[in-house]
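*Asks:* Please find one structure pasted underneath; my questions will follow.
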Amino acid sequence: MNALVALVGRPNVGKSTLFNRLTRSRDALVVDQPGVTRDRKYGLAHYGEQSFFVVDTGGVMEQESGIGRLMRAQAQLAIEEADVIFFLVDGREGLSSLDEEIAAWLRCAQKPLKLVINKAEGRDGDLVASEFYRLGLGEPIIISAQQGQGVGRLLEALLTLLPVLEREESEIQAKGLQFAVIGRPNVGKSTLVNRILGEERVLSSEIPGTTRDSISIPFRHHGKDYTLVDTAGIRRRSRILDKVEKFSVIQSLQSIAIAQVVILVIDAHDSVVEQDLHLAGVILESGKGVVIAVNKWDGLPLEQRQRVKTDLDRRLPFLVFARIHFISALHGSGVGDLFPSIDEAYQSANSHLPTGELNRALLAAVEKYPPPVVKGRRIKLRYAHQGGQNPPKIIIHGNQAEAVSANYRRYLINYFRNAFGLMGTPIALEFRTVKNPFKGRANILTQRQQQKRKRLVRFRKGRD
């Protein structure tokens with residue numbers, strides 16, 4: 001399971017800038033809920049072969065009670081779940097009393113902690129760091145999140161702080177295909193999970209997962225083994241804030257990271273709302289197989305049903321490859337139909353695409369709809385081969401291949417999807433321009449070619 005890094009500090013010390021630097025502004029998820037979860041950002045970051053989640057806990061503001069309720073409400077859950085804490089301070093403004101108070105609060109968390117001095121560009125590092133040693137948090141890392149200076153050293157330090165999780169994803173004692181049920185509050189996730197497990201009779205007790213209280217619940221459906229991945233953690237519910245209990249984004253991210261296929265549950269009564277779009281985007285970025293379950297479909301008026309279908313097409317065009325099921329988790333209608341789509345998504349995500357068949361499909365696609373002309377020359381796509389699975393990755397080589405437009409990219413993805421029947425999974429395309437080994441080199445003629453050219457010149461002059 002991927003580790004979690006929490007960014008903590010007072011306002012305007014550069015937490016959001018560092019967040020965007022680490023995540024490259026991808027996978028960012030803003031949960032707009034009143035109270036404890038307002039404007040908390042979550043994202044996935046990569047460094048080398050290491051992946052980890054990042055959470056920006058928001059600024060800690062000074063109040064009469066010191067850190068007070070705002071700090072505990074906004075950051076407590078993220079810090080409790082975090083494996084590592086980055087405590088950001090402002091190198092321009094220097095040490096403040098609020099910094100000292102936050103440092104004392106963080107020490108009580110008893111988590112790996114790294115002091116990060118931001119906004120240090122153009123300043124003497126030793127001089128900037130000197131006053132922060134009094135915090136007693138060890139050697140600080142000096143960075144400029146805006147310019148990227150020192151971020152590499154910070155990430156190297158992070159690798160030494162990341163714990164060895166009790167069991168990695170590959171070590172979870174799970175049976176069969178692993179899938180997760182994801183959705184915003186009150187869409188019927190728990191009802192759907194209970195319906196699935198209640199109907200299929202859980203074969204064994206909950207298997208303890210990693211330090212995140214994740215559980216893997218094996219069961220059998222029509223003679224086939226599955227494992228439901230759940231990171232909600234029954235034990236956690238008794239010790240977290242009520243509002244946070246309803247919707248913890250990091251739990252959803254962890255579920256997505258572990259699962260092979262994700263079921264996105266949408267409430268038919270509300271149709272597609274912003275939180276649905278956020279979660280759908282996170283699932284898409286993860287590259288996992290996906291199935292959409294529109295819950296509470298029973299009893300919905302015909303006019304409202306049509307409106308929901310229209311919203312699905314209009315607001316989720318980037319998940320056009322996902323099978324959509326209209327279900328009632330409460331009454332069980334349509335729940336059994338989810339399993340063929342789960343299987344299909346998994347098989348598609350792990351498909352082996354023979355090179356010969358890929359090239360024939362590429363040739364047919366290009367003949368049907370040639371690539372556009374760029375700078376007076378038509379793009380030539382010459383050959384393709386598979387570059388990975390889960391999701392399927394297709395590498396296409398050609399001339400000016402990097403100039404392929406987004407529209408033509410979508411056309412090729414849809415063509416490959418139809419040609420190979422890849423439903424329930426995204427498809428990744430990578431274009432590589434074939435390098436011309438003679439580009440930039442003078443065309444030097446051999447002696448024989450030079451003599452031939454002279455004869456042609458004399459011949460043309462003789463005709464004139």
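In case you wondered, yes, glycine gets a Cβ from its N, Cα and C as well.
Under the heading domain 'EngA-type G 1', Swiss-Prot lists 3-166. Per Swiss-Prot, the feature GTP 1 binding site maps to 9-16, 56-60, 118-121; the stated evidence is sequence analysis. As annotated by Swiss-Prot, domain 'EngA-type G 2' applies to 177-350. What Swiss-Prot lists as GTP 2 binding site is 183-190, 230-234, 295-298, and the listing cites sequence analysis. Positions annotated as domain 'KH-like' by Swiss-Prot: 351-435.
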*Asks:* Would you mind reading off the Cα separation of Asn12 (GTP 1 binding site) from Gly183 (GTP 2 binding site), to the nearest angstrom?
*Replies:* 32
*Asks:* Please compare the binding-site residues Lys15, Lys189 by how many other CB atoms fall within 10 Å of each one's CB, and tell me which has the fewest.
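*Replies:* Checked Lys15, Lys189; of these binding-site residues, fewest Cβ neighbours within 10 Å: Lys189.
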*Asks:* Round to a whole number and give the Cα-to-Cα distance in Å for the pair Trp297 (GTP 2 binding site) and Thr57 (GTP 1 binding site).
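*Replies:* That comes out at 36 Å between the alpha carbons.
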*Asks:* On a simple 10 Å Cβ count over all chains shown, which one of the binding-site residues Gly9, Gly183 is most densely packed?
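*Replies:* Its Cβ has the most other Cβ atoms within 10 Å: Gly9.
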*Asks:* Average the pLDDT scores across the domain 'EngA-type G 2' (177-350) and report the rounded value.
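*Replies:* That region's mean pLDDT is 80.
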*Asks:* When the Cα-Cα distance from Lys189 (GTP 2 binding site) is computed for each of the binding-site residues Lys15, Thr57, Ala120, which gives the smallest value?
*Replies:* Thr57
*Asks:* Could you measure between Thr57 (GTP 1 binding site) and Asn186 (GTP 2 binding site) for me? Cα positions, answer in whole angstrom.
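*Replies:* Here the two Cα atoms lie 24 Å apart.
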*Asks:* Kindly assign Asn186 (GTP 2 binding site) to one of the three DSSP-derived states: helix, strand or coil.
*Replies:* coil
*Asks:* Below 8 Å Cβ to Cβ and six or more residues apart, same chain only. Which residues does that give for Ala120 (GTP 1 binding site)?
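*Replies:* Spatial neighbours, sequence-distant, of Ala120 (GTP 1 binding site): Gly91, Arg92, Val128, Ile142, Ile143, Ser144, Gln149, Gly150.
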*Asks:* Among Asn12, Thr57, Asn186, all listed as binding-site residues, which has the most CB atoms within 10 Å of its CB?
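*Replies:* Ranked by Cβ atoms within 10 Å, first place goes to Thr57.
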*Asks:* In the domain 'KH-like' (351-435), how many residues does DSSP assign to helix, to strand and to coil?
*Replies:* 32 helix, 26 strand, 27 coil
*Asks:* Between Lys15 (GTP 1 binding site) and Asn186 (GTP 2 binding site), how far is it from one CA atom to the other, in Å?
*Replies:* 31
